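Colleague: Could you have a look at this structure, given as structure tokens, before my questions?
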Amino acid sequence: MVSMSPSSDPERHPLKNGSPAKVHYISIPVHRGPVEGPAGEGAGSTGARRQSILDHPIGSFRGVNSLGRFATSFQRANSFRAIELNRDKERSYLTDDQDALYDPNTLGPSANGRKLSVALNAPGSITVRPSALDLYGSSGSARHDSHPFDDDIEDSSAVRSVFSGDQNIPLRPQISFQDFNSATRADSIILKQVETKDGKTVTVLAGQSTAPQTIFNSVNVLIGIGLFALPLGLKYSGWALGVPLLLTFAAGTFGSAELLSRCLDTDQTMISYGDLGYAAFGSKGRALISFLFSLDLMGSGVALVILFGDSLNALFPQRSTTFFKILGFFVLTPQSLIPLNVLSNISLMGIISTISTVFCVLFCGLYKTSSPGSLIQPEPTQMWPSSCHEFFLSIGLLSACWGGHAIFPNLKSDMRHPDKFKDCLKTTYLVTALTDLGIAIIGFLMFGMSVADEVTKSLMLTEGYPAIIYILMSVLMAVIPIAKTPLNARPIASVLDSLIGIDSIPGKENFWVRFLQAGNKIIVNAAFVLIAIKFPAFDKFIAFLGAGLCFMICLILPCLFYMRLCSATIKSWEKVLCIATIILSAMMSVLGIGATFF
């Protein structure tokens, strides 16, 4: 049993003074050892899980913010990239009979996971049995020094009445992991009972991520390969329009993310962006969102392959970009076959490589004293756009780096304290805005009017830097697609699995099941490569993603959701602002998309 003093957990205090708001929390300690059967025989695993080095305190990474908890939170965040095919499903992570679905590896919600009620009662999985760690004393009064949710705790009979039906167990239940010993690094899981709009009570998993973990996951979503095209976007728009436009997109998407947060607060059973779509517009809303998510994931995968080919071609110009894109197929495809828990750790290299690239660009600008490619002697730039076409193209380039809203609802729902989400957004957008604005300004100053569609390409084609820089930049640019492309391929491959009926084939370990699943992942990666060969322009592709998808997912739909779901509380000026945002976003989206094709 892993125990922790409440005072050592800074995340545990705010709810003591917060409003329960029809949410009741139930603590279930996690027991790592074997479960004894009726005769004292082990009914599950033969010993406790071996602790990882990430579970031990390391500097500021301790307790709920240990590196192990960060890794688990990051894995859950990656699992939220999903496409919901069943458009008639009201909630992504609930069955029709309001039974929560969860992933046993992360203990987080999963659309294709196991039923929580079955897990709590089925022998050989997770069992509920009396625990001496009763949160309540013999007098029945709560021990206010023993749990983070002192004012919000519901008696453990809530779990029994919902899941086990046993009303005779006097003590709080203790979950013992038998075949899920490595499922989580938490000292306990928290269930919460929420009341739906129709008065029905539903028991689901409560969030587990802390504020720092949510900030990290959010920054990882926002800081992507789109930032490498920002200097080109600034070139197309000029200083006078480009910088204000970039900051306007930052402020607008921050506000729309807050609108999504308010929409989630209207119904505690909503977790995902698709849930909001269904709540606002029914099955058609969920179908539209699934279509948009599919395009977004496909487009991101193609852009990563283009980046892979362009970067290696800059280092080895004797080979064409098409050659390296085909090579990328054989490099990227094996990663798609790796389990998500391993793939999440690999994908961590993506954000590390992206941030490292930003610092490399800054170093190169300060290292070189003569243009091009120097901050000491900048290249000539322009104040205004050269043409309307270039300005319209810059709209998509400057907006593409703000597309994290598809995951934001899941990240809020996964928080231990969702009321902290707005503060997390403030920090996330501050970090992202400084990074994006910084790389845009630095890249434009370094290469001026000759900046390429990827600032990294301009750097690798410019002489005068240390030899190691060219190799390092190529390695970093190759690592980013290797780390991130499989995460874009998995949800699309899962859609193909569902379309051909793999989910209905009995026996998940069946050879043909695994063969077909692998085949679908290969097909998706092949599609990435073929589209990247057919449409090789990185800037046009990023501009299309920004103008075509980011405006819809990050601005238009959040405003529509807010006006629909919060119609009883929305203020007049908010409604006017939402309508203006929708109209302006639609106009800019049309102009941006048009510029990518003409």
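Quick reminder: no glycine exception, Cβ is built from N, Cα and C everywhere.
TrEMBL annotations: computationally assigned, not manually curated.
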Colleague: Can you identify, from 389-408, 509-528, the stretch that TrEMBL calls transmembrane segment?
Modeller: 389-408
Colleague: Same chain only, please: residues at least 6 beyond the ends of the transmembrane segment (389-408) with a C-beta under 8 Å from a C-beta of the stretch. Say none if there are none.
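Modeller: Distant contacts of the transmembrane segment (389-408): 77, 80-81, 217-218, 221-224, 226-227, 229-230, 232-234, 236-238, 241-242, 245-246, 249-250, 253, 256-257, 260-261, 273, 293, 296, 425, 432, 436, 440, 539-540, 542-551, 553-554, 558, 588, 591-596, 598.
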Colleague: Please check if the transmembrane segment (239-260) comes into contact with the transmembrane segment (464-483), where contact means 3 or more CB pairs closer than 8 Å and the residues in each pair are separated by 6 or more positions.
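Modeller: They are not in contact.
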Colleague: Applying the under-8 angstroms CB criterion, which one of 287-308, 350-369, 464-483 scores highest with the transmembrane segment (429-452)?
Modeller: 350-369
Colleague: In the same chain, which residue numbers or ranges, 6 or more beyond the ends of the transmembrane segment (576-597), come under 8 angstroms Cβ to Cβ?
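Modeller: Sequence-distant neighbours of the transmembrane segment (576-597): 252, 256, 259, 389, 392-393, 395-396, 399, 540, 543-544, 546-548, 551-552, 555-556, 559-560, 562-563, 570.
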Colleague: Determine which recorded stretch among 350-369, 464-483, 541-564 has the most C-beta pairs below 8 angstroms with the transmembrane segment (287-308).
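Modeller: Answer is 541-564, with the largest number of Cβ pairs below 8 Å.
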